[in-house]
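Shown next, in structure tokens, is the structure this report addresses.
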């Protein structure tokens, strides 16, 4: 006997056996499909592991009690899913009617504009169409009267319903109806073929309470349809649009409770400074223009000063060369033994020029005096030969010397003197003058020296210390300065334009601020140098 006869039958099939059984089942189903396409549950004994899922699995029967799974034959007991999805509707051309979404919950007579053509104005093909004509006066009056009656009826009903006690409603007028019965004969309807029926509304009791309750909550009607969105089809966003839609988070400039490390660019983006338009004040442009003009003028002034310095250096160089040339010429003439009379002639010409210049000044002075007013003319004539000193030193006699003999005016018209016999003939007494020559106060002291009695209250007892002039004298003087010089003789003499400033101003006026002087100014320069050389 084989060993397999003693072993129990296997409960599980091998892979080969499963494949063979599947192949046989497919063949059987193929054979049965040719006969009948009806699907039925497997017979008893072969339902292990089988679960009915579809409606065809139940066949014509109900649920299988031996299969402990929720079963819904013919979908009985299955909860229906609630959905607000609408069934797709198409129009006569086969296009989907998207306006069904807007028409949901609305009456069929309500006009809803949901197409692009609704936005486009219609073209009037026939101007005489009666639908497009304006109503006449009779139609307007009729419609107005109907509207007024309907509104009055609605308002009266509302007012009457709100009143607690109201009068009885007016009865409608009686209506007469001609009635013809269907059964005609002597036995029916008392032998009458027609009857006239008078119909009257039954009178109502005004104190009768309302029969129907109307205080129930009526469900709210559907809302207004959503506005149709007429836009182009959606397109993919670009990178630039995505970056523009990035909204920076709200970052405080004062609080950071969590202690996060926030980059500076994110903090500035949250601040919103980049979103503000920058308005530049027009004064910045004015300031920049003013600075540019000032810089340009400063450069022009520097360049002009440099030109003036170069011209002065050139003139100095030319003067030095001319001097060296004259010295060389004199040395050559001295060696050759030739006597020159150039200096003598130059000296005579210089004297003649000075005389001409003085006479010209006198004539100009006379013309000015003749043109002046009478009071001013007398004042000029009075101060014509007046000598005004430069300074008045305090307590110092005038050091100016004069060639004229000066007399003391106090000696004249006196009863004493040499003619009176020297004090009555007493030779031993030398008192020719009754008082000292310098005993009286000088005019400068009377002008500038304050009186003690009047100014004592203001300045105090230290008046002598205040009026001393020693405090204005430096303790250590500069080298080369000698304060004990002799007084100058004659009026003050000034040098004539040592720096060439007048000449520079004349050139600037002539050329009108041009950067480079023209050649026409050179003769004037030589003429000015000649005048200066003659005055020297």
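Positions of Cβ are set from backbone N, Cα and C atoms, glycine also.
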SUMO2 cross-link: annotated position in Swiss-Prot, out of 97, 204, 255, 266: 97
95, 193, 246, 311 - residue that Swiss-Prot labels as SUMO2 cross-link: 193
Listed residues 146, 153, 258, with the one flagged SUMO2 cross-link by Swiss-Prot: 258
Record-annotated phosphoserine (source Swiss-Prot) among candidates 154, 190, 252, 389: 190
10 Å Cα neighbourhood of residue 170 (SUMO2 cross-link): matching recorded positions from 81, 122, 190, 234, 240, 258: none
When distances run from the Cα of residue 141 (SUMO2 cross-link) to each of the recorded positions 190, 193, 224, 258, the nearest one: 224
Alpha-carbon distance [residue 258 (SUMO2 cross-link); residue 23 (SUMO2 cross-link)] in Å: 69
Long-range Cβ environment of residue 258 (SUMO2 cross-link), under 8 Å and at least 6 residues apart: none
Neighbouring C-beta atoms (10 Å sphere around the C-beta of residue 23 (SUMO2 cross-link)): 10
Nearest recorded site to residue 190 (phosphoserine) by CA-CA distance, among recorded positions 14, 122, 240: 122
From recorded positions 14, 81, 232, the one whose Cα lies nearest residue 115 (SUMO2 cross-link): 232
